[in-house]
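Structure first, then comments.
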Amino acid sequence: MTTLRAFTCDDLFRFNNINLDPLTETYGIPFYLQYLAHWPEYFIVAEAPGGELMGYSAAMLMLCMFTVMGKAEGSVAREEWHGHVTALSVAPEFRRLGLAAKLMELLEEISEKKGGFFVDLFVRVSNQVAVNMYKQLGYSVYRTVLEYYSASSGEPDEDAYDMRKALSRDTEKKSVIPLPHPVRPEDIE
């Protein structure tokens, strides 16, 4: 039976099988520790009966549309209070079991309890498997962010979709009305 539990510091040394996927953004240990210290309720891991890690999700509740390293700013009055999914990854051998959907559901519930207006995430435009999964979970493309992901080995930078799902506090669904034009990373608040 799969166990969903809080991510611990020890898990940092056990999740390479999940993080080595080419579509998974990886970060330095200080980044993960900052999330663990500031938003422990948003850092969840799925563990198999044998103890191996199956997947994890890391998110934060933010006061703005985008922040670097989890910085919070903005205001509730402008209806920017929301949950942001920073990372969601499932080990290849545990995919297509519904783990990603379950982890997303938990993050949405936490954001709902904290009074968020919506949940958002960024995903590579080329990652159609993830884009389709998020659409099945009720997310829609809010905007395209040009050259959001840095490329390696001389390839061009890749665009991202900023996908959103309105929560119950956004009764008029204003947070998910798509922008008619793409934006650049420096234009994101």
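The backbone N, Cα and C atoms fix where each Cβ goes, and this holds for glycine too.
Copied over from TrEMBL, here are the features:
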type: DOMAIN; residues: 2-168; note: domain 'N-acetyltransferase'
type: REGION; residues: 153-189; note: region 'Disordered'
type: COMPBIAS; residues: 161-175; note: compositional bias 'Basic and acidic residues'
Tally of residues which DSSP labels helix, strand or coil - the compositional bias 'Basic and acidic residues' (161-175): 2 helix, 6 strand, 7 coil
PLDDT averaged over the residues of the domain 'N-acetyltransferase' (2-168): 77
